[in-house]
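**Q** The structure follows.
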């Protein structure tokens, strides 16, 4: 039994190691002096300096963050309300709508990209941030919708009924009871959606228009034409930022747990 | 009162309904319509009904891209399942502290650009890259392996991009599993292997199914991975569609390709559900 436990641990460790290998490479070569990635010729910070002066990349990064935040915010509202409403109601169209709203993540991205390209040109919408937000919102909604839906199944309905019996309005019940209960799902759904939006190449490439670049689109064109190591530097910075945010959030969580532990023993 | 409650309820689902109808159903229907339209010689589309676009798909060049896409998606999904299922399973059996840590470790790469991670593989796998240099220095091989810009490189890229989906969905279904059932089976004399096959595997099938769908379907459309890691050797449907939209500027044909791709993936999902009887299992519990 003990031995088996160890073996599974080794399996997990090896696979995780392989997962991190390419990332480690990117980080290492962001400090490389030479432009080539064949061998490490010497330590240098010059790619970070180039990155700092590269207005295009900074703009693309800004666009990507803006796009992710706006699309996530819109989809969080639409997806959460939709999931709550669907769980309570029994419309004839419910099943179909549920299926239809999750279609964007059930079909290959390329189809969504082409469909939006054709549809937006039909509507004569100018390609740019608006089209990007619409396209990203469509595939962000399903992540939030499904997470919230799954969470709603496990929620004790009697809490809401109690609130209603005690005279709370429907809106008050939603904000005071339902929303706090499903908040973890809304947050994790939004985080997942943001990650998907921040990383999307296939759909963005079709609807971004000639003048607007998101970060993944910019990186993609660079990968096709020839990479400069400043992209490595950028990735390293993003990675450092993520680790920092995760570190802080886990510290905060630990402190909260400790406080909660003092109040009541779980 | 009852009516008022219903209309209030409808207000909550209305945004989802409207958004989905306008920006999901609308564009998809438009694509289907477009696939029956005629491509004009210049820029643009003639709205004259034709089946020409679908007939054109039967051309061996395009059929080949379909079969290559499916083959790649199959290979990748099988590899992902074989690697990801044990990972999700073992992960769920770790202590709570380690579960959290492993989850974090899986999520961090998820947040970095998948393109850059692919670039990391290029650095690793290229002819004079780290991997080859290491193997040569260790004396395992004499000549550097040509992994980059080959089929295996694309499969590696696909696995790498999609493995987390499998791991997370298997993990969550193993987490939810009622272990007393396995214990009961073991108490009743079932071997470890038999208990796993008859109880664990069946109970975690919905998670496995979700993982399979979440890795099979995207892998049909992730043309950029084949582009970056495969050179120009593997032409997937995705690349053909993109090519027709941009350079070929034949939108109706691109639409027809997309319709066929969508139908094929829908059939795959439907068949998988039928074969695994997931509906029954869900109904059972």
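Backbone N, Cα and C atoms are what each Cβ position is placed from, and that goes for glycine too.
Taken from TrEMBL, the feature transmembrane segment applies to A:12-31, A:65-87, A:99-121, A:127-148, A:174-198, A:231-252. Per TrEMBL, domain 'ABC transmembrane type-1' is recorded for A:61-252.
Provide an account of the burial state, proximal residues and distances for the features listed.
**A** Listed by sequence, the residues of this chain that lie at least six past the ends of the transmembrane segment (A:12-31) yet keep a Cβ under 8 A from its Cβ atoms are 37, 40, 43-45, 47-48, 229, 232-233, 235-236, 239.
Below 8 angstroms of C-beta separation, residues 63, 66-68, 70-72, 74-76, 78-80, 82-84, 101-102, 104-105, 109, 112-113, 116, 120, 182, 185-186, 188-190, 192-194, 196-197, 200, 203-204, 206-212, 214 of the same chain, each at least six residues beyond the ends of the transmembrane segment (A:127-148), sit close to that stretch.
Outside the transmembrane segment (A:174-198), and at least 6 residues removed from its termini, the chain residues within Cβ reach (under 8 Å) are 64-65, 67-69, 71-72, 75-76, 79-80, 84, 136, 139-141, 143-148, 150-152, 155, 159-160, 163, 168, 215-216.
Sequence-distant contacts of the transmembrane segment (A:231-252) (same chain, six or more residues past either end, CB-CB distance under 8 Å): 23, 26-27, 29-30, 47-48, 50-51, 57, 61, 219, 222.
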**Q** Please indicate, using numbers and ranges, the residues of the same chain that are 6 or more beyond the transmembrane segment (A:65-87) and have a C-beta under 8 Å from a C-beta there.
**A** 94, 97-98, 101, 129, 132-133, 136-137, 140-145, 148-149, 152-153, 174, 178-179, 182, 186, 189-190, 193-194, 197-198, 214
